Amino acid sequence: MADKDLEKGSSQASGPPQYDVGSTEPTVTGSKWSRFTDSFKKNPNARMVTQALDSEGRPLKDQPPAQPALSMKLKDRHLQMIAIGGSIGTGLFVGSGSALQAGGPASLVLAYGLIGIMLYCTVHALGELAVAFPVAGSFAVYASRFIDPAWGFAMAWNYALSWLVALPLEIVAASITMSFWPGARGVNPAVWVTIFLVLIISINMFGVKGYGEAEFVFSIIKITAVIGFIILGIIIDTGGVPGQAYMGAKFWYNPGAFNNGFKGLCSVFVTAAFSFAGTELVGLCAAETENPRKTLPTAVKQVFWRITLFYMVSLTIVGCLVPYTDPSLIGASSNDANASPFVIAVRNAGISVVPSIMNVVILIAVLSVGNSSIYGSSRTIAALADLGQAPKFLGYIDRSGRPLAAIIFSSCFGFIAYIVAAGDEVRGKAFSWMIAISGLATIFTWTSICICHIRFRRAWALQGHTLSELAFKSQATVYGSWAGLIFNILVLIAQFWTGFAPVGYGEMTARERIESFFQAYLAFPIVICCYVGYKVAFRTSFKRAKDIDVTSGRREMNLAEILAEERAEQANWPRWKKIWKVFC
């Protein structure tokens, strides 16, 4: 089997020495310093998008196996933890507080559950595409390939911008979180910004291995904290804490299960969608995974358990422990850890030590998102540069497989976080508009993934292929992608409504209403301008299914033989293992 598995690629052409950074880098002689400096030199054979072209710039009909330019050093354990705990961050720990206040506990559970179902369909669609085509840039490249290059350009820059502005936002959030402890309140927040910025940039300068190891540790801490909270929450709710009576679901009756009616529920839909942001990173990681055909399906399936256990169970407990009328929730910013319902629930129970522990976890979650910000934006931008949709220098890949120029470019946005020294009012306004720039990025990305999967399935069938040729098929099937597409559109409509007429809009001035709308929907005109501008400038056309490229980006030449052997082996598995592999 090993000789047939060509995941690591092989050179297909003569010329300069090949730098297969995933496994066999060229031997460099000399001191450790010379080897270190040599690793930053450009890899002359790096090709991010992995599409082979003829002399006239047209894609070859028979594409050779992909030779990824990026370092394929993400291991199975890295990918599993990125899938399980990667997107657990301030959206769950802090943002859920504003959602609880806006819609009540029933809206919280209902909205997160429905968004979770939609995301399950979307991630499975992405998993099928990423296993078949583990290319750098992932869904940004898929949009250009399966829909329209102009739409791919708009989606890629929309996604990259969302991560670029997320970096300073998360660093500021981390500095605010530090103020929870009295000893840190007198320290200038710019000091914390410097420390966190250096830490996050340093992690990413170690390349994908640094990112993978950091996320592995961060995810273990976050998962342990959520499980610990669930256990503690059950004890508190059932009256197991000294001085606390049995609570049960009393807050579902008084003050009530819902708040602000249907509009409150719609507000929670939007918050829930943002809380799941980052889940799609598992598809972006495929290009830097040694064997995505084997590791990615497992990671995709585990998204179900993250949604069910870490989101649904923990938020159900939160709704039982914290009433939506709790004053700590009202008017709190999404960056304020004191507004976390997880912290409030434990603090209200009279447990003095655990809130500090939860704030440490929130701080780690914030740093984890900041770490992902550089990773997600740099890989997307480097792929854009390779496609000619970003300045060419941003496509610089060094001999260690790092998109070095894109990492440096993305890191520079972190310095915006020093605006924290300008005072709360200036910082608040600046970051409100920065959030607006990327506000709908996640929804557009998920919508695009669903459309790409629908278009891919159509093209795959029209060009004479069968589903048995795919190494991994979406458990939600193409109908799940249709459901995901429709639900994403409904969320966009809900966001438009709650932005145009937010809860309590009757008491707002005309100027406040306009600001509210654009802060909620500014990303939409940005996407439209990018799409129309690129389409007019380059006169791109919508891809017809029969002309869609379904060959470039593969890593194996003999996938049919590999799959036949693997499926013959799987047929002999015991029943328990077959059932286990359906879910994990």
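Numbering starts at 1 and runs along the chain as displayed.
Cβ coordinates are placed from backbone N, Cα and C, and glycine is handled just like the others.
On a predicted model such as this, the values are computed, not experimentally measured, just so you know.
What TrEMBL says about this protein:
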REGION    1-45  region 'Disordered'
COMPBIAS  24-37  compositional bias 'Polar residues'
DOMAIN    78-544  domain 'Amino acid permease/ SLC12A'
TRANSMEM  81-103  transmembrane segment
TRANSMEM  109-142  transmembrane segment
TRANSMEM  163-184  transmembrane segment
TRANSMEM  190-208  transmembrane segment
TRANSMEM  220-241  transmembrane segment
TRANSMEM  261-282  transmembrane segment
TRANSMEM  303-324  transmembrane segment
TRANSMEM  344-369  transmembrane segment
TRANSMEM  404-421  transmembrane segment
TRANSMEM  433-456  transmembrane segment
TRANSMEM  476-497  transmembrane segment
TRANSMEM  517-534  transmembrane segment
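Most Cβ pairs under 8 A with the transmembrane segment (303-324) among the ranges 109-142, 163-184, 344-369 are made by 109-142. Across the domain 'Amino acid permease/ SLC12A' (78-544), the prediction's mean pLDDT works out to 85. Comparing 81-103, 163-184, 190-208, 344-369, 476-497 for CB pairs under 8 angstroms to the transmembrane segment (220-241), the maximum falls on 344-369. Within its own chain, the transmembrane segment (261-282) has Cβ neighbours under 8 Å at 79, 82-83, 86-87, 89, 91-92, 95-96, 98-99, 102-104, 107-108, 110-112, 114-116, 119, 122-123, 126-127, 130, 138-139, 162, 296, 299-300, 303, 307, 311, 369, 372, 375-376, 439, 441-443, 445-446, 449, 491, 494-495, 497-498, 501-503, 520, counting only residues six or more beyond its boundaries. Here the transmembrane segment (517-534) sits apart from the transmembrane segment (344-369); fewer than 3 CB pairs are under 8 Å, leaving out pairs fewer than 6 apart in sequence.
Panel annotation: around the transmembrane segment (109-142), residues 48-50, 66, 68-70, 99, 103, 152, 155-156, 159-160, 265, 268-269, 271-273, 275-276, 279-280, 282-284, 286-289, 292-293, 296-297, 299-300, 303-304, 307-308, 311-312, 315-316, 319, 379-380, 382-384, 386-387, 445-446, 448-450, 452-453, 456, 470-476, 480-481, 483-484, 487-488, 491, 552-555 of the same chain, lying at least six beyond its termini, place a Cβ under 8 Å from a Cβ of the stretch.
Packing against the transmembrane segment (190-208) from elsewhere in the chain are residues 70-71, 73-74, 167, 171-172, 174-175, 178, 184, 214, 285, 288, 367, 370-371, 373-375, 378, 400-402, 407, 411, 414-415, 417-418, 420-421: each is 6 or more residues past its ends and has a CB under 8 Å from a CB in it.
Scored by C-beta pairs under 8 angstroms, the transmembrane segment (163-184) has its highest count with 404-421, from the stretches 344-369, 404-421, 433-456.
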